[in-house]
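Database features (TrEMBL):
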ACT_SITE  Asp16  active site, proton acceptor
ACT_SITE  His44  active site, proton donor
ACT_SITE  Lys142  active site
BINDING   15-21, 43-45, Arg306, 332-334, 414-416  GTP binding site
BINDING   Asp16, Glu17, Gly18, Lys19, Asn41, Ala42, Gly43, His44, Thr131, Arg145, Gln225, Thr240, Arg304  IMP binding site
BINDING   Asp16, Gly43  Mg(2+) binding site
BINDING   Ser300, Asn301, Thr302, Lys303, Arg304, Pro305, Arg306  substrate binding site
Amino acid sequence: MKNYNTLVVVGSQWGDEGKGKITDYFSQVTNLVVRYSGGDNAGHQINFNGEKHKVRIVPSGIFNRNVVNIIGNGCVVNLEQLNEELDLIYKTVPNHGTLLISNRAQLVLPYHIQIDEAQEVARGKNKIGTTKRGIGPAYQDKVSRSGIRVGDLFRNNFKEKFKGIWEYQKNFLKKMFDVEILDFETIYTNLIKNFEKIKNNVIECGEYLESAIKEGKKVLFEGAQGAMLDIDHGTYPFVTSSNCSASNVALGSGISFKYIDSVLGVVKAYSTRVGAGGFPVELLNEIGDGIRIRGNEFGSNTKRPRRVGWIDLVALKYAIRSSAIDKIFITLLDVLSGVDEIKLCTSYKLGDKKLTSPPPTAEEFEECVAEYIITPGWNEDITNVKSYSELPNEAKNYLKLIEKFCEVNLVGFSVGPDRTQTVLLEEIF
Ligand code: GDP
Ligand code: IMO
Ligand code: MG
């Protein structure tokens, strides 16, 4: 039974599934878009009217005039980055939406970025391959209770409080990594300058959202990263430092989980992964290279070439469970045009055991060997396809195999980066 007009859009793999594109698409019929986790480690590309736009921390609903975009308390925010993105959007997109930010969102500060870099160096060959945006250290500070919330910046004694925290960080960086922190006045002045620009947009997020939902407004919760990068359910430790799964929507935005109506998993037609960690479906050959080029699989944030592989239905089925996904939207289907035979991973072999869900440790995951079913590919260019019936039979079969194996409903697919290259099979929002 449908109770509220709420929809979660969540990444079902290792990030970069096209969540930004799908969020932007549904933003055309949405009132609010809420980010509930992560920070500017996310990078989304959104194309419309022949223009290409990028966002990192700003929710992907910002390109629609009537959408109120909210950065929830579950996020970590670098205010300088936020203002840079907003300034560019306000300058280049006349019909942009508005932006609000939770008073409980945590700040990413310059020393978090320094710690992120220093930790990666210290990890040596075991490095995670982070985006070096200070995300892990900002969440570490949140959990160790030495973080700063946006709401702290309104307090008269903030400078004094911040000085204490800065001193702690200065000693920590010096002792742990022999790294010098930026001087206090520089960090503080820059922080206040950036805070002044957004301070009138700070809200009590849970309260604001609850009344919007009760009024019947349409609310889309936008996930960053992907289910397999979730700190609890992902391929730990090669994950991000937050719960990016849909289960975190309530905690990361301050509303009851009872308001969550449905969860849409965005699924790339193949797999990609940025950074280190096991990847049983990885394609280290010319098929993978072809997909990387056609799919433009280079990080929109870091420009790193993304690792490419076949679709991993073991991981996807696991993500569907851990993220409560009840519908899927397949993206980048066009990129598979021209692949002779397409493989779908349906189990892993670990030693002599057959696994139907990912193992808990990085070492075991690294040792997993993917087992596949194979289906014929198609050669047709499908980038102008406007309906399911126009798809080649082989593409239809491919979609059906995914639906059947994962026991989930396909509600749409995407055949190119543009907003218009999107086919919706049923009204879901
Ligand atoms: P996100 O982080 O999940 O929002 O995804 P990214 O934006 O980082 O990466 C997805 C990339 O694929 C972007 O460059 C999009 O413009 C592009 N994209 C999205 N959907 C499609 C599609 O259906 N076909 C193609 N060819 N590109 C797409
Ligand atoms: P979007 O929202 C793909 C990966 C990093 C690294 C690991 C930890 O665009 O899908 P972090 O900087 O978060 O500590 O890095 O997580 N990672 C992503 N990979 N897409 C993302 O976001 C990612 N955000 C983080 O590459 O392996
Ligand atoms: Mg991305």
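Note that Cβ sites are derived from N, Cα and C of the backbone, with glycine treated the same way.
Features as recorded by TrEMBL, highlighted on the structure.
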| residue | record | CB count, 10 Å |
| --- | --- | --- |
| Gly15 | GTP binding site | 28 |
| Asp16 | active site, proton acceptor | 27 |
| Gly18 | GTP binding site | 25 |
| Gly43 | IMP binding site | 21 |
| His44 | active site, proton donor | 23 |
| Thr131 | IMP binding site | 22 |
| Arg304 | IMP binding site | 13 |
| Pro305 | substrate binding site | 14 |
| Leu333 | GTP binding site | 24 |
| Val415 | GTP binding site | 26 |
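In terms of Cα spacing, the recorded positions Asp16, Lys21, Pro305, Arg306, Leu333, Val415 that come within 10 Å of Gly43 (IMP binding site) are Asp16.
Distance between Cα atoms for Gly18 (GTP binding site) and Gln225 (IMP binding site): 10 Å, as a whole number. Take the CB of Lys303 (substrate binding site) and look out to 10 A: across all protein chains shown you find 8 other CB atoms. Screening the recorded positions His44, Thr131, Lys142, Gln225, Lys303, Arg304 for a C-beta under 6 A from any atom of ligand 1 leaves His44. Taking Asp16, Gly43, Lys142, Arg304 as the candidate recorded positions, the subset whose CB lies under 6 angstroms from any atom of ligand 3 consists of Asp16, Gly43.
Closeness to ligand 2 is met by Gly15, Asn41, Gly43, these being the binding-site residues among Gly15, Asn41, Gly43, Arg304, Pro305, Val415 whose Cβ falls under 6 Å from the molecule. When the Cα of Arg306 (substrate binding site) is compared against those of the recorded positions Asp16, His44, Leu333, the shortest separation belongs to Asp16.
Between the listed binding-site residues, namely Asn41, Gln45, Gln225, the fewest other CB atoms within 10 angstroms of a CB are found at Gln45.
A strand conformation is recorded for Pro305 (substrate binding site) in the three-state DSSP classification. Within the set of binding-site residues Thr131, Gln225, Arg304, Pro305, the entry lying nearest in space to Gly15 (GTP binding site) is Gln225 (CA atoms). Using CA atoms as reference points, the recorded positions Asp16, Asn41, Lys142, Leu333 were checked against Pro305 (substrate binding site), and the closest is Asp16. The secondary structure of Gln45 (GTP binding site), as reduced to three states from DSSP, is extended strand. The Cβ of Lys142 (active site) lies under 8 Å from the Cβ of Val76, Gln106, each of these being in the same chain and 6 or more residues away along the sequence.
Sparsest Cβ environment among the binding-site residues Lys21, Arg306 (other Cβ atoms counted within 10 Å): Arg306. Among the recorded positions Asp16, Asn41, Lys303, Arg304, the residue whose Cα lies closest in space to that of Val415 (GTP binding site) is Asp16.
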